Amino acid sequence: RSRAMLPVLAAAWSLPAAAFLAALMLLLLRAPAWRSDGRGGVSNFFHQLIRYGKTSLPGWDPNYLVPKSWFIHFYVVSVVWNGSLLYWLFRAEFLGESLPSWIQDMHHALHRDSQSEDMGKYSEYSSALLVLLLLWLHSCRRLAECLWTSVFSNGFIHIVQYYYGLGFYIAVGSTVLCQVPTNIRTGKELSVQIRWYHIVGITMYIWASLHQHRCLVILAKLRKNKSGKVVRLSYDVPFGDWFESVSCPHYFAELLIYVSMAITLGFQNVTWWCVVMCVLFNQALAAVLSHEFYLKNFRSYPKHRKAFIPRV
């Protein structure tokens, strides 16, 4: 039977993953056409697309920049959109209702509704429901951190990055939902089937989320006094938790969170591993730029720290 959905979605996620990988390689190889000062037409545009916040370069056109604090919009969109997807899938799972017609049309276009019956259809529902729940909870936590924990600088992000971020959280939840076949609805409620890989994935998710939150609290405290009042917006060297090993542990934790979702989906979901690759290269690119910023601006910066992944 047709499995056209898998290569279509996998290819769609592979494109940005390949773009981030190419940008990372150009940066690491120090290609002359992409020198770090960002001067020159194509080179300048390249650096505008990969840099933001503290790694931005002077002289960029303000008409194409938005405040870094607009990161909060990503999580607002994600909470609303992925919360809606979670609601629809929850009703399909426990109340025996059909998914909305537009979702079924999308599945039909991708040939997902023609999947064979021997693919563990009921566990697919459970896995997708759990991953959507994890994604929604992740977005809720990040939204809360943006509102009450993080202290944003006066930095900027390029408008292309901003729209990419909005699209990412819409696409990632939709991708989860597309893992679920629509032709198995019988009008009867289904029970959630917990597998061993669900336990492993959720455990890893909680562990990575806790560390990411701790690291974000450490970063926020660099700009606050003991009473919690913001006293500056400048940058300083963070210490504690995973900062002792890498410059950007919150990026590393983000990667682990998406890996945990791949585990929750049962390890073998090719499409979601393409999502993981996209997150990997995107976060690695941002981490390398941040690592270079710290090394350049702080002479006493710990030399043993890696940029993104411990010991790598």
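Placement of Cβ uses the backbone N, Cα and C atoms for every residue, glycine included.
As recorded in TrEMBL, the features of this protein are as follows:
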- 70-90: transmembrane segment (TRANSMEM)
- 122-139: transmembrane segment (TRANSMEM)
- 159-180: transmembrane segment (TRANSMEM)
- 192-210: transmembrane segment (TRANSMEM)
- 195-312: domain '3-oxo-5-alpha-steroid 4-dehydrogenase C-terminal' (DOMAIN)
- 270-295: transmembrane segment (TRANSMEM)
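Only pairs six or more apart in sequence are counted, and the transmembrane segment (270-295) with the transmembrane segment (159-180) gives three or more Cβ pairs under 8 Å, enough to call it a contact. Here the domain '3-oxo-5-alpha-steroid 4-dehydrogenase C-terminal' (195-312) returns a mean pLDDT of 96 for the predicted model. If one looks beyond the transmembrane segment (192-210) by at least 6 residues along the same chain, the residues whose Cβ comes under 8 Å of a Cβ in the stretch are 93, 122-123, 126-127, 129-130, 134, 138, 141, 253, 256-257, 259-267. Remote same-chain partners of the transmembrane segment (70-90), defined as residues 6 or more beyond its termini with a Cβ less than 8 Å from a stretch Cβ, comprise 99-100, 103, 125, 128-129, 132-133, 135-136, 139-140, 142-143, 146-147, 152, 157, 162, 165-166, 168-170, 172-174, 176-177, 180. Assigned with DSSP, the residues of the domain '3-oxo-5-alpha-steroid 4-dehydrogenase C-terminal' (195-312) fall into helix, strand and coil as follows: 74 helix, 4 strand, 40 coil.
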